[in-house]
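Working notes, beginning with the structure itself.
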Amino acid sequence: MEKTFIMLKPDAVQRGLVGQIIARFETKGCKLVGMKLMSVDQALAEQHYAEHKGKSFFEPTVQYIMSSPVVAMVWEGKNVVALARELMGATNPANANPGSIRGSFGMDISRNVIHGSDSVASAEREIALYFRPEELCDYRKAGEEWLSE
């Protein structure tokens, strides 16, 4: 089954939005298989955003992600990467659909409350950065048979 990496950024944690955002994934039938509240250090932040090194927003993004705890999660489900992208909405909350996570909670392009993998390959890379294999739970979710064929 496909997995994706989701991070609730410092603004989501500080504003007390964690439960509301998790509920959106659960309501859509996604299965939570890994989660941790953690502080991101410089090395991990730079690894996570390595593809943006050299861009003007790289350093501010690294500093921001280190400014307060984040919630790192792994979700599983059918086409979960695309589903998560739809739930999150456009990166800039001003362009996000009303009702999407960023449309509902995002303040601006920097403080948009959530990060999600943009592809299966990115999900694999990001999951490996934040979780050891033994930290992910393999289980059958009650009612799972009602959520996909």
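Cβ atoms here come from the backbone N, Cα and C positions, even for glycine.
What Swiss-Prot records for LYS9, PHE57, ARG85, THR91, ARG102, ASN112 is ATP binding site, and it gives sequence analysis as the kind of evidence. Secondary structure at ASN112 (ATP binding site), as computed by DSSP, is coil.
In sequence order, PHE5, ILE6, MET7, LYS9 are the residues near HIS115 (active site, pros-phosphohistidine intermediate), counting only same-chain partners six or more apart with C-beta under 8 A. Look at Swiss-Prot and you will find HIS115 tagged as active site, pros-phosphohistidine intermediate.
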Q. Among LYS9, PHE57, ARG85, THR91, ARG102, ASN112, listed as contacts of ATP, what is the widest Cα spread in Å, to the nearest whole number?
A. 21
Q.
Can you tell me how many other Cβ atoms are located within 10 Å of the Cβ belonging to ARG85 (ATP binding site)?
A. 17
